[in-house]
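Marked as active site, proton donor/acceptor by TrEMBL: Asp305. The Zn(2+) binding site annotation in TrEMBL covers Glu155, His222, His243. For Ala166, Asn246, Ala247, Arg254, His283, Leu339, Cys340, Gly341, the entry in TrEMBL reads substrate binding site. Residues or ranges marked as domain 'Amidohydrolase-related' by TrEMBL: 76-409.
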Amino acid sequence: MDIRVKCTDEEPEALEQEIPARRQRLLQFTNCRLVRGHRIIHEDLWVRDGRIVNPEPVFFDERAKAHCRIDCGGAIVAPGYIDLQINGGYGVDFSHDTETIEEGVAMVARGLVKSGVTSFCPTLVTSPSDSYHTILPRIPAEVSRGAGILGIHVEGPFINPQKKGAHPEHCIQTIDKGLSTLKETYGSLDRIKIITLAPEKVTDPEVIGQLVERGITVALGHSMASLSDGEGAVQQGATLITHLFNAMLPFHHRDPGLVGLLASDAVPHGRTVYFGIISDGVHTHPAALRIAYRTHPQGLILVTDAISALGLEEGVHHIGQLPLEVKQGKAFIAGTETLCGSIAPMDECVRIFQKATDCSVVYAIEAATLHPAQCLGIEQQKGTLDFGSDADFILLDDQLRVLSTWIAGVCVHRTAK
């Protein structure tokens, strides 16, 4: 699928240089199939000022024509992928590289666009308090020509040590003084978008509602919680489960634990419980992917849970305070057989999920676009190709391989032919 560009003025040398970021510049993407309204439609995509626009008033009221027409060669045009849980990549560990965090986040943001990710939440695993105080204020709010930063996901330290996974046990804490504990631990809550905690480790359940009132999504994970514990947290405002099936009690028919929230009748009416799931071919068996998909499809969110070894060769690296080893396509805590994160990029996770579940192409894409946007309450700006939304989108071939990535209507990556 070849992408061709024709503009009314100069002919640029490359697609990335072809469309300068000028105000009021109207772009028309033709010969494409849009993922819109839960289906694939044959329609042009119009972009101006970094947003997707309705062409009707452009035609009939403004009588304007496109400054540039981009022939997409029959490609699928989908919203850009959104990753709510990623610990690093390309040799960068967000929880460990405290002295170079700005450069590290920028490197990852620019790398992620290659796999179609246009927005993400840098994720910090359980760390000492002074690490949070150092790192959180220094994570950049935006990166030029890189995936957008939606806010920070702090995965810990308020988790259960019995389900610590790759989190250092000596750094784990309990919320015993309400919001004061969180402020003392993190230094500030201003940049935080998601907090993963173990509900059974929260002594004051009102803390969850107080976090939600601040616009923070509360996720449940790394937990020994019963279903009742999880339902109580959801009734207080929790809306997300962190990497379903991993670092939680296994499903049991007498007490299904956090997994049971997918079918609970105690979830408040009108509220959706979302759950991240890692479809990297390692963390979650294909049958488990199918169970989750068939049980609660509207809440399923694909996450990578990627670590610093994403994009690197086999060898020893690190995740937070712990060394890790990549071998045979998997990442382990060094010297053990404990999995500690994924090294599969988001586009690969989408392909694996679609094949494992035999879901529609549209659903597989929405699990990495619309659903995470809905979870964070940003679906008016991200996760769709609706009129007025941000022009963050990707071009895909029929095998769901990324051809190019666009952020605010600007091409930030194009796969080499």
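Using N, Cα and C of the backbone, Cβ positions are placed for all residues, glycine too.
Within 8 A of the CB centroid of the Zn(2+) site residues Glu155, His222, His243, the other residues of that chain are Gln85, Gly156, Ile159, Gly165, His167, Thr196, Ala219, Gly221, Thr242, Asn246, Ala247, Asp305. Among the recorded positions Asn246, Asp305, Leu339, Cys340, the ones whose Cα is located within 10 Å of the Cα of His222 (Zn(2+) binding site) are Asn246.
Every protein chain considered, the tally of other Cβ atoms within 10 Å of the Cβ of Glu155 (Zn(2+) binding site) stands at 29. Ranked by CA distance from the residue listed as 'active site, proton donor/acceptor', the binding-site residues Ala166, Leu339, Cys340 have Cys340 at the top as the closest. Cβ neighbour density within 10 Å is lowest for Arg254 among the binding-site residues His222, His243, Arg254, His283. Residues near Cys340 (substrate binding site) in space but far in sequence (CB under 8 A, at least 6 apart, same chain), listed by position: Gly165, Ala166, Ile307, Ile319, Leu322, Leu324, Ala331, Phe332, Ile333.
Around the Cβ of Ala247 (substrate binding site), the number of neighbouring Cβ atoms within 10 Å comes to 24.
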